[in-house]
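Taken from TrEMBL, the feature active site, proton acceptor covers Glu224. Under the heading Zn(2+) binding site, TrEMBL lists His223, His227, Glu246. The domain 'Aminopeptidase N-like N-terminal' annotation in TrEMBL covers 7-116. Look at TrEMBL and you will find 151-376 tagged as domain 'Peptidase M1 membrane alanine aminopeptidase'. According to TrEMBL, the domain 'ERAP1-like C-terminal' annotation covers 470-566. Sequence annotations record features per position, and here TrEMBL assigns site 'Transition state stabilizer' to Tyr309. TrEMBL lists 12-31 with the feature transmembrane segment.
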Amino acid sequence: MLCKVLEPRQNYVLYIQFFAPFVGGMSGYYVSSYKDQKRNETRYLSVTQFEPAYARTAFPCFDEPAFKATFNITLGHHRKYVALSNMPVTKKISISGRKNWLWTIFEQTLPMSSYLVCYSVNDFAGLKSQSTFSVDFTTWAPASAIAQCKYAAHIGPRLLDYYERIFEIDYPLPKVDQLAVPDFSAGAMENWGLITYREAALFYAPEASSEVDKQRVANIIAHELAHQWFGNLVTMKWWNDLWLNEGFATYVATLGMQELCKKWHAYAEESLENMMVVLNSDAYHTTRAISQSVSRASQFAEQFDPITYRKGAVIIRMMHMFTGDMTFRKGLNCYLKRHAYGNADQNDLWRSLSEAAHKFGSMPRYLDVQRVMDTWTLQAGYPLITVHRDYVRNTMSINQRRFLIDGLGKTMEKDNSISKGCWFVPISFTLARRANFTATEPRVWLQCDSQVNDIPLEARSPLGAEADQWLILNVQLTAPFRVNYDTVNWRLIIKTLHGGDFRRIHTMNRAQLINDALALSWNGHLCYKIALDLLRYIKQEHAYMPWRAALDHLETIYRIIKQTADFTLFQP
């Protein structure tokens, strides 16, 4: 009960005495432990995990992302422990009346959401990164495991420097700490200035770990450092737009991995992996839109799924492709600067990218990013594009409908309320004579509620599209949709794949053709003879991505056929 009525336009300071015990599980402020092998004893540490809405269990706060605030954090602990938080330590003072106990006081944070607050008391060793980078970068782990953090300590500053260059915005904090947590529910958490990781997500031992382990560690670190801009500097207003955090971090991580090691082909392979997950998981009538209304804290955790991460990354890559690299970067720079230390929703992103796209002429004036992208974020699923060529007039016609399957793999044609869908689709394509798989910009926009007829393919010329030349849509899988061609075009593609020059078709598109043909056959849109004829070329294939696409579907066929008398026909 207040002593007097509060007056308008006056600032008040509210002091609250509170007590919050450690909570069970791995959320809120909790206790973790590890085995000290040298001393053969269990060691304990405390750490936080506040996302999505657990800060309220540790201290009184407005625990919603839009209520950004600065935080002054002080931790009391025994002097044999280390205290860490989002910001650097300003000073340590003895606790009166408690021998060997300290108050560790940290600098005030920048404005940030409560779920990004982090602190830990532990007895870990710290490994400082040797780098010319201006930000203090330290990785923390049990002393017995600190040697396994050398790779993480090495690549962290490199990734941070790369992101500063591509975003054209400096990392705003004076330090980054990476903390290995023995008991941790997520893979990692992007707390601003104090990133927490599951041990397996941070440790890499060259003598025992595989190259896949190395790439996984790089991917997770790249993801969390990308969050320092997308999620921390600019935070979604509400959890329905979580994809603005996670989709961007997932996509930008592929760019960071590509920068770290070109031989991994991370950008192409991770992009294909994201696309294949989306094309599979987003084809069911039970799927959801990327951006959907959530109102209760119990619903927040449900947003952390492949639709948010993978589909978010896929449609961001699509925007990157159809706007072009310069426009995309300028648009993101505008978005980040305009909403720095604040919050944004998807309309704010659309606005910044549209301004850049129209300024640099990378998008027709009759379209804007919001008109296109709302069709991808506000409805579930993705389209099937059907292509019919006129081989006499050298044109094609295309139309769209939602691609849907049920649990039995049958198309759901009868339920129009489910199968109806409409997207603004960027259509890129190339033809056999040119086989230009570098031009990923859209040559045609398939708009909502429309069919595009008589699209000219090429003028009749030595480079033209004669009747014996294949056509391939969706160059380098720029957008999440499946493509079904007329039988003649499928046969032209198969002829090239079986020939010695199958590599004229880009690796990602070879994977696309396999994936689409087998998925379309499974759902009755294409006869299996065409799909299996196409797949026969695979014995010549040495690239990973086409094999990844093939094995994914062959495993499904295998599980079905092994229950039948025809299983022997499936054996080599």
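Backbone N, Cα and C define each Cβ position, glycine as well.
Remember, TrEMBL labels are computer predictions, not curated facts.
On a predicted model such as this, the values are computed, not experimentally measured, just so you know.
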(Q) So if I exclude everything within five residues of the ends of the transmembrane segment (12-31), which remaining residues of that chain have a CB under 8 angstroms from its CBs? That is, six or more out. (A) 6, 44-50, 54-55, 57-60, 119, 183-185
Q: Could you state the whole-number distance in Å separating the C-alpha atoms of Tyr309 (site 'Transition state stabilizer') and Glu246 (Zn(2+) binding site)?
A: 5
(Q) I'd like the Cβ neighbour count for Tyr309 (site 'Transition state stabilizer'), meaning other Cβ atoms within 10 Å of its Cβ, all protein chains included. (A) 23
Q) Under the DSSP assignment, what numbers of helix, strand and coil residues are found in the domain 'ERAP1-like C-terminal' (470-566)? A) 67 helix, 6 strand, 24 coil
Q. Expressed to the nearest Å, what is the distance separating Glu224 (active site, proton acceptor) and Glu246 (Zn(2+) binding site) at their Cα atoms?
A. 9
Q. Relative to the mean position of the Cβ atoms of His223, His227, Glu246, the recorded Zn(2+) site, which additional same-chain residues have Cβ within 8 Å?
A. Glu190, Glu224, Ala226, Phe230, Gly231, Asn245, Phe248, Ala249, Thr250, Ala253, Tyr309
Q: Grab the pLDDT values for the domain 'Aminopeptidase N-like N-terminal' (7-116) and give me their mean, rounded.
A: 95
Q: Count the other Cβ atoms sitting within 10 Å of the Cβ of Glu246 (Zn(2+) binding site), across every protein chain shown.
A: 25
Q) According to DSSP, how is the domain 'Aminopeptidase N-like N-terminal' (7-116) divided among helix, strand and coil residues? A) 6 helix, 41 strand, 63 coil
Q.
Give me the count of other Cβ atoms within 10 A of the Cβ belonging to His227 (Zn(2+) binding site).
A. 24
Q. Once near-sequence residues are set aside, which residues in the chain of His223 (Zn(2+) binding site), 6 or more away, have Cβ atoms under 8 Å from its Cβ?
A. Ala188, Ala249, Thr250, Val252, Ala253
